[in-house]
Amino acid sequence: MSYWTIRRRDVLTGYMFVLPQVAGVALFVLLPVGMAIWYSLNDWNVFTGQQTFVGAENYAALAADPQLPKVLLATTLFSGGVVVLNIALGLLIAVLLNRKFRGVTLFRTLFFSPVVVSVVAWTLVWGFLLQDNGGINGLLSTVGIDGPNWLQHGDTAMISVIFTQVVRSVGVNMVLFLAALQGVPGELYEAARIDGASSRSVFGRITLPLISPTILLTVIVTIVGALQSFAQIAVLTAGGPELSTTVLVYYVFQQAFKFNDIGYGSTLALMLLSFVMVLTLLQWQLRRKWVFYEE
Amino acid sequence: MLLVLALAVLAIPFVVPTVWMVAASLKPLPEIFALSPWTDQPTLAAYKEAFTFQPFARQYLNSVYIAVLVTLITLVVSALGGYAFARIRFPGANALFLVVLTGLLVPSEVTIVPLFQLFKRAGMINTHWPLILVTALAAPCVLATFIMRQFFIALPVELEEAARLDGLGRPGIWLRICLPLAKPALSAVAILTFLASWNLYLEPTVYLTSPELFTLPQALTRFTDAYGGQMWNTQLAAATMTVLPMLIVFVLAQRQFVEGLAHSGLK
């Protein structure tokens, strides 16, 4: 066989190998995004399913929607709360586990275990514990605290969904932080110790700056994850009470599938897409810049 | 010692819900909200009811077969695609790879509105097809393709050249030389994909209406009585049956799980 026959066959093999994945993305990602853009320019009759072109009307409706500010506030509170608590807790656990002692692997297993628990099952159990007469208030009453009816008030419902989400998913960030901490060269710590630095300033001046790329990347990935938390909200609060925990992804679902308003639902979905896209592109950009920190 | 104590306190919200779930599922209904995890009359009544109230065995089987099928398809598709993007030079490879990466940019919550219309037109509403096809070829699979590509890029090319001199073609090299070496990446992909499929909630809620077609996460939320009140003990029993097998496998294959799922945190 000549070089060119082999080469041509190789090119053909290349196309055949990537075909299923490329076709899958074209059909189930790109085509639907195109359709969503088209849908957002149309008005759908809720009852007949009749479609009429309305131009930017659905986008104008965004500005006029009295519920949207509340939804965006809930989205910001939820994503912000999740990211702050997740990073702080993940970092704290990672720092505590980043030393050698008996039982360190057991603790790592325990902290990671909720990650493999089904989201819905995990959230249902927390819903059970957060009932007014449930386990959390039972435990609180043993120390003399009269706990609130967690899921029935706006503020405590928001705290509940944030906390439930963080505890379930912080294990992933813990593992990433542990890997980053173990990547900090030991000589740096030794040098600092010789110079008589306090452990607080070692953490602030050596550890934190060196693992900051990992922190920034996990911050973005965690926000993106929070923006897509549908099951947690649907199962724990169904967006309530009132609209206090109706985050954007849940609002999209409500508009499109509960109220069958496909045009407006698609417009909202594109808004969600733009948030996620900006964050993900930012993450890829940063990742390329810092790729030398990995492995 | 202080360290262990601090960690033990921190671990409470991570461990207690699972233990509480199992304990409460074994209690008779009147005791379900009691604080003590102990009961004098443990009962499996809730477990029995889970199977009579809904076709729970069938729903369990649905979740298992869909997750297995999705995982198998994803393994093949991502190993093929990842290999070609890493190793074979063909015109447009970079552009096609960028196209594939858009699959990581677009959340499934965004595409589900148009996809529902597409599947409606194809007559696939209230079937498992949307769950299988979209999961096996879109988001989790794209991450898998990305992981496989990274793995094959790092694999020394000399091994393949030797095989090529022995007269093995591309497909043969892929199947006999590269795949056996890719076991760690493949197991990471398998764990990631299986859990992604196993956890799906929005998709089954949107596509499925018949209880005998439901998957587990969806079925778990449907244990409600005629007044819409939650049947806590049945729900907790069903949740226990959903969660425990996964936790056991996790404890047995911990390293693979942690490595596989860490990928989902840094896509």
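In case you wondered, yes, glycine gets a Cβ from its N, Cα and C as well.
Where the annotation comes from TrEMBL, it is an automatic prediction and has not been curated.
Copied over from TrEMBL:
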type: TRANSMEM; residues: A:12-39; note: transmembrane segment
type: TRANSMEM; residues: A:71-97; note: transmembrane segment
type: DOMAIN; residues: A:72-283; note: domain 'ABC transmembrane type-1'
type: TRANSMEM; residues: A:109-129; note: transmembrane segment
type: TRANSMEM; residues: A:157-181; note: transmembrane segment
type: TRANSMEM; residues: A:202-227; note: transmembrane segment
type: TRANSMEM; residues: A:233-253; note: transmembrane segment
type: TRANSMEM; residues: A:265-286; note: transmembrane segment
Using Cβ atoms and a strict cutoff of less than 8 Å, what residues sit near the transmembrane segment (A:71-97) while being 6 or more residues removed from its termini?
104, 107-108, 111, 158-159, 161-163, 165-166, 169-170, 173-174, 176-178, 181, 203, 207, 215, 218-219, 222-223, 225-227, 229, 233, 243-248, 251
Contact between the transmembrane segment (A:157-181) and the transmembrane segment (A:233-253) is defined here as three or more C-beta pairs under 8 Å separated by at least 6 residues; is that satisfied?
yes
Hey, which of A:157-181, A:202-227, A:265-286 has the most Cβ-Cβ pairs under 8 Å against the transmembrane segment (A:12-39)?
A:265-286
Which sequence positions outside the transmembrane segment (A:157-181), separated from its termini by at least 6 residues, show Cβ-Cβ distances below 8 Å to it?
74, 77-78, 81-82, 85-87, 89-91, 93-95, 97-98, 108, 111-115, 117, 119, 122-123, 126, 130, 150-151, 207, 210-211, 213-215, 218, 222, 225-226, 229, 232-233, 236-237, 240-241, 244-245
Residues sitting near the transmembrane segment (A:109-129): Cβ under 8 Å, six or more positions beyond its termini, same chain?
93, 97, 135-136, 151, 160, 164, 167-172, 174-175, 231-232, 235-236
